[in-house]
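Feature list (source: Swiss-Prot):
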- 57-248: domain 'Reverse transcriptase' (DOMAIN)
- 198-201: motif 'YXDD' (MOTIF)
- 463-593: domain 'RNase H type-1' (DOMAIN)
- Asp472, Asp585: Mg(2+) 2 binding site (BINDING)
- 590-631: zinc finger (ZN_FING)
- His599, His603, Cys627, Cys630: Zn(2+) binding site (BINDING)
- 814-862: DNA-binding region (DNA_BIND)
Amino acid sequence: NKSKKRRNRVSFLGAATVEPPKPIPLTWKTEKPVWVNQWPLPKQKLEALHLLANEQLEKGHIEPSFSPWNSPVFVIQKKSGKWRMLTDLRAVNAVNAVIQPMGPLQPGLPSLAMIPKDWPLIIIDLKDCFFTIPLAEQDCEKFAFTIPAINNKEPATRFQWKVLPQGMLNSPTICQTFVGRALQPVREKFSDCYIIHYIDDILCAAEMKDKLIDCYTFLQAEVANAGLAIASDKIQTSTPFHYLEMQIENRKIKPPKIEIRKDTLKTLNDFQKLLGDINWIRPTLGIPTYAMSNLFSILRGDSDLNSKRMLTPEATKEIKLVEEKIQSAQINRIDPLAPLQLLIFATAHSPTGIIIQNTDLVEWSFLPHSTVKTFTLYLDQMATLIGQTRLRIIKLCGNDPDKIVVPLTKEQVRQAFINSGAWQIGLANFVGIIDNHYPKTKIFQFLKMTTWILPKITRREPLENALTVFTDGSSNGKAAYTGPKERVIKTQYQSAQRAELVAVITVLQDFDQPINIISDSAYVVQATRDVETALIKYSMDDQLNQLFNLLQQTVRKRNFPFYITHIRAHTNLPGPLTKANEQADLLVSSALIKAQELHALTHVNVAGLKNKFDVTWKQAKDIVQHCTQCQVLHLPTQEAGVNPRGLCPNALWQMDVTHVSSFGRLSYIHVTVDTYSHFIWATCQTGESTSHVKKHLLSCFAVMGVPEKIKTDNGPGYCSKAFQKFLSQWKISHTTGIPYNSQGQAIVERTNRTLKTQLVKQKEGGDSKECTTPQMQLNLALYTLNFLNIYRNQTTTSAEQHLTGKKNSPHEGKLIWWKDNKNKTWEIGKVITWGRGFACVSPGENQLPVWIPTRHLKFYNEPIGDAKKSTSAETETPQSSTVDSQDEQNGDVRRTDEVAIHQESRAADLGTTKEADAVSYKISREHKGDTNPREYAACGLDDCINGGKSPYACRSSCS
C-alpha cells in the first residue's frame, strides 16, 4: 500500500512509527503585525481564562509567545457551567488587508436522500478536530493573545496557538482537507461503501452490515494514524440516526422537530436569519414559493440590518405552515439502481420542481422569490427551473434525469424549442424523455396551480379584420389613443413611458373586441407582450407596481385577443401608420394639454379653445365632447331672431336680474350685456332694489365703461325716480320693453341662461375648487365668457370686441338686397353689421339703418339696369344665395356655443323702433368717423364716378 508506505517509517530501533501530518501554510497579504489591545476582564472570567489556558498549554495546543501580533481573548459560560475560550480574530480575518482566503471545499451540504435505502449506517464525530490539526510554524505567531493582570500589578501572560484556532477564516477549509486526506485510503479500499464527510462529521453506509463493520474498523485506524480522535460517546449505530441536524431512518429522511420563536422577530436581521434557516430545509419540507410570499415581502425596504420589521397576520400563517410541514414532511432515500425523474408543476407565482424515483419523493426544487428581470415569462421560469434542477440532479448522482415531465403538450414543447431561447438553454444536451403524464400519487395534490403558462389573449402576429389603435404618452402626464375614436387621459405620472402604459391599459379596457395596438414605446410594447404570463418583479416604486399589476389584470380579464407592435416615432416615412402615430402624438402635445387643462378649469367653448391654442377644430370639439358637464348641459338652441343692437361698444346695453339659489343671500345676480360686443358683467347682490341696481351699474362702469343707452324690463328698481335721476347724472338714456314680454329683452335673457349654465359647468365638472365664494365663482364664469369663448360668426372674443371695437362679420360693407316687409318689396342696401340671425342695413344716403332678420337678406352679385324694376319683388328676382349657404361658402363652420349670447328668439324681430334705428344710425356714422356720403353709396364702390350722390345715377353709371 503506497499510502501506508508514505506514512510509515522505520526507526533506528527497527520499530514502525507514524509520521505526523504536514501542516498547511497560510498566505498573508502583509507582514506588518496586527495588534488589537486586550480589553479588561472581570475577575471571575479572568480566573476561568487562566485555567483554560493552562489546560491548553498542557495539551500542547498553545505555547508562550513574544509575538508582535495580538488578538483579544474572552470566555463564555455554557449551560453546563463549563467555560469556553474564544479568540476575537476579526482583525486577522480581514480579507482585503491581512489574510488570503482559501475558499470553501464543500460549498453546500450533502443530500442525505442519496444514501441508499435500507443500507445500515455508522455515524461518528471527530473529537476537538481543530485542536488536532497543527498550524504551520511560521503562522503560529500571527495568532497570539494576552491574558491581562488586574491593576497591571504583574506582567501580562502571552501565548500563541500551535493548532487551528476556532474562528480563523481558513480553519474549516484546513480541517476539511486534513480529514479528507485521512479518509482517502478508506474510500479507495471500500469504494462500494457510501461515505459522507462534512467538517468533522462522518457517515458510513454499506449494503451489508459485515462490510460496514470492516469499513469502520479500517476508518478508525486511518483516523488515528492522521492524529485525529473519534468521540466515543457520539458514535451512532442504530436508527433513528441524526446527522447534519436531520433524522435518518431506514427509508425516510425527516427534518428536525423545531418550533419557531416569533417573539424575537423584530428586525431585518432576525427575519433574514429565519428565512435562511427555512430555505435550508425547504428542499425537504416542500413549501412552494407562493406559500411564503408574505414572509419574503417582509425583507423589502430599508437594508439596515437593525431596521424594524413587523410580523403580519399573513406572514404568521405562513410560519404556522412551515411548522406544520416540519412535523409531517419527509423525503425518501434512493434506490441506487433506479434512475431519477424530474416533475415540473405549474404552481402559482413560479413553477415548482420535484425530483422523484418511481413515486418516491427525493427532493423539492424552487426558484427564488425575486427575479432579476422585471418581467419573466412563465415558460422562461419553467426552463430556468429545469436547467437548475438538472444541474442539481447531476450534482447529486452524476447523471441527468431519465425523464422530465412538464405541463405542456407535444406541440407546445415543439414551439418552445423554436421560439424560446431560455427553453433551448434549459434543455440543452438533454437526451432523455420529455413527457406530460404525471404519476398518480396524492403527494402533489396540495399544490396550487396556475393556468397562465402560455399566452391565451396576447398574439405574436397581427390580427385580421381587427381595429387598429395608436397610443402615445407624454412626460407632462398625458396619455392618449387614436383610432376609431380618440381619447386623452390625464395621469399622475411624469414619465412618458408610464403615461403610454396607461394609454395601452385604457385601450385594452375600452375596446372589447379584437384589436391591433401600435405604440412608439418599445418598453411598453415588450411589457405588454410579456405581462400575461409573466412574474412581475417587485419594485420599490409603488406606482410602477400598481401599473404593471393593473396591466396584467386587464390583459387576463379580456375576452378577445390583441396584438401589439412598435413603431418608430418622429420619422419622415410615408404611409398611414406614420400619420396615425403623429395624430396620437398630437393628442398629448403641450398645446392640446394646455387646452384640456383650460377647459377643465373654465369650460370654455370650442371656438375659444381653437382661438387660444394651436389645436384643430376636431381636437377642440373632442375636448368639449369628452367633458361630462358640457355634454349634460349642451342645450338645444332656438332659432335666432333680432333685437336692436349697438353698432359700437357701449352704444346699447341690456340689463336684468336673475337668481342663483345656491348663492344664498347673494342669490340676486344683476346682469348687464353690451349688445354690440356681447361683453357681460354681473354682480352678486342681496336684493334687486334701486340701490342694488346702482351699485351694480357702478361696477359695470368700472369694467365696461359708460353706455349711451340702457334697455331694461319694467321692474320697480328700473322704473323708480331715484334710478332715473342716477341715469340722468351719467347722461344715459333709458328704455324699457313691453311689460310682461321678455322678447324685447331676448339678449339679456339668453345671457342669463348662458351665465347660469357656465356656473353649473364649473361647479360640478371643473378643477376650480379654490373658487369657494359666490363672487369668485361668478368672476371665473365671466372670465370664460368674456375672454375665452368665441361664438359663431365671430373671430375674436367679446372682450377684444368691446375694448377694440373690432367687427366680426365677414359680410360688413357688402351690397345686398333686403326685404321691406311693409311694402313687400326688395330694396338695395349696404351691410353695417352682421350677426347670427340678424343684420343692420343702411337703405341709402340720409336714411335710417334698418334691423332685419338674415332670412330677409340676399347678396347683390350682379348689376341690374332698370332701377325701378329692381326695387320690386314682382319685377326682379334677386340673384344670390341665402345667408346660411353663403356662410358655408365662406368656410364658416365654427361650432356655435351651447348657450351663445346672440341666439335670441326670432319672435323679438319686431321690437325695432324708429328711435332705436335713429340712435343706431347716429352711432354708426359717428363711430365710423366718415362723413363722406360715398361710404353709403348704393354701389358700395369707394371710387364711385358719381360720388355716391344718387343711387340711381350710381347704378346706371357704375354698371
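Keep in mind that glycine also has a Cβ here, set from the backbone N, Cα and C atoms.
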Segment confidence, the zinc finger (590-631), expressed as mean pLDDT:
76
Alpha-carbon spacing, Cys630 (Zn(2+) binding site) to Asp472 (Mg(2+) 2 binding site), which is rounded to whole Å:
26
For a three-state summary based on DSSP, what are the helix, strand and coil counts in the domain 'RNase H type-1' (463-593)?
59 helix, 29 strand, 43 coil
C-alpha of His599 (Zn(2+) binding site) to C-alpha of Asp472 (Mg(2+) 2 binding site): distance in Å?
21
Mind giving me a neighbour count for His599 (Zn(2+) binding site)? Other Cβ atoms within 10 Å of its Cβ, every protein chain shown.
27
Spacing of the two Cα atoms, His603 (Zn(2+) binding site) and Asp472 (Mg(2+) 2 binding site), in whole angstrom, works out to 25
Within 10 angstroms of the C-beta of His603 (Zn(2+) binding site), what count of other C-beta atoms is obtained when all protein chains are considered?
30
10 Å Cβ neighbour count around Cys627 (Zn(2+) binding site)?
19
May I ask you to report the DSSP-based helix, strand or coil state of Cys630 (Zn(2+) binding site)?
helix
State the count of C-beta atoms found within 10 angstroms of the C-beta of Asp472 (Mg(2+) 2 binding site), not counting that atom itself.
28
What counts of helix, strand and coil residues does DSSP assign across the motif 'YXDD' (198-201)?
0 helix, 2 strand, 2 coil
